[in-house]
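Written out below as structure tokens is the structure these notes cover.
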Amino acid sequence: MVMGKQGAALLAVIFASALVGLAAGGNFYEECDATWEPQNCWAYDDGNRLSLALVSNSSGSMIRSKKQFVYGTVSTMIQLVPGDSAGTVTTYYTSSLGDNHDEIDYEFLGNVTGQPYTIHTNVYADGVGNKEMQFKPWFDPTADYHNYTISWAPCMIVWYIDGVPVRAFRNYEASHGVAFPTSQPMYAYSSIWAAEDWATQGGRVKADWSKAPFVASYHGIDLDVCECYVGGCIAGCAAGFGGSGRYCGLSAAQVGKMQWVQSNYRIYDYCADPKRWINGQKPVECDLAQY
């Protein structure tokens, strides 16, 4: 396991009431399988901790949850690759199977020593994404573990860091025709892999393979999900995670913290990038409230 320095200042004063260090206590032995390059993946501490290694440009590693689900909250704590991590991508995401898949992303794009990671988020529905939002961290993600959570409900998706919402994407499929993942069971994944052609400064900076292996460390995984493997369970899962309204809104305090993050640390938003718009038309959801 690669360990960084402890005790870095994590958040600004505005986050004093946030759930910093929110525990993610599931066991990797019980919850996950290694699905790619298992020789580069090892669990320890009775399965409570896990490391994923990238050893070459074609040999990283991936784990996948044993549970397949429709709606829920998935959470883990990650200590990203320290030092020169250029050309590497560490991930935590949910995804269904097949070409026209649904997916909700956290991707952590490495950088040269002393330069910040890029925290990349995206959502796909029926194989179509192009809804990227990126942030620079307000903390050192390599010095200690930080909690990353994806909350997926019928009404909205929310991305959290240390209990603080950083992005929300509301379901406007029925009212405005905006594609939203509602019908395909997903798994939770974590991985590390090489993306030298685009990950760091647009691909200008490549990985320094003399510093391999690049190791990302995980502590616990919590899956508060509605297990679902076939279409017949989707309606029941929707009722459980949407009917009560528990997952369908943010408090005023949460909205304030999210706005603070986006005002100070958001570095890319597809809604503000006309070059990405189809036929020059701003995506309809960009002018609708997301929380």
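Here the Cβ of each residue, glycine as well, is placed from N, Cα and C on the backbone.
The active site, nucleophile feature in TrEMBL is assigned to GLU103. The active site, proton donor annotation in TrEMBL covers GLU107. Marked as domain 'GH16' by TrEMBL: 22-218. The N-linked glycosylation site feature in TrEMBL is assigned to ASN111. The feature signal peptide is assigned by TrEMBL to 1-25.
Sequence-distant contacts of ASN111 (N-linked glycosylation site), defined by Cβ-Cβ distance under 8 angstroms and a gap of at least six in the same chain, are SER85, ALA86, TYR117, THR118, THR200, GLN201, VAL205. Here the active-site residues are GLU103, GLU107; the one with the fewest Cβ atoms within 10 Å of its Cβ is GLU103.
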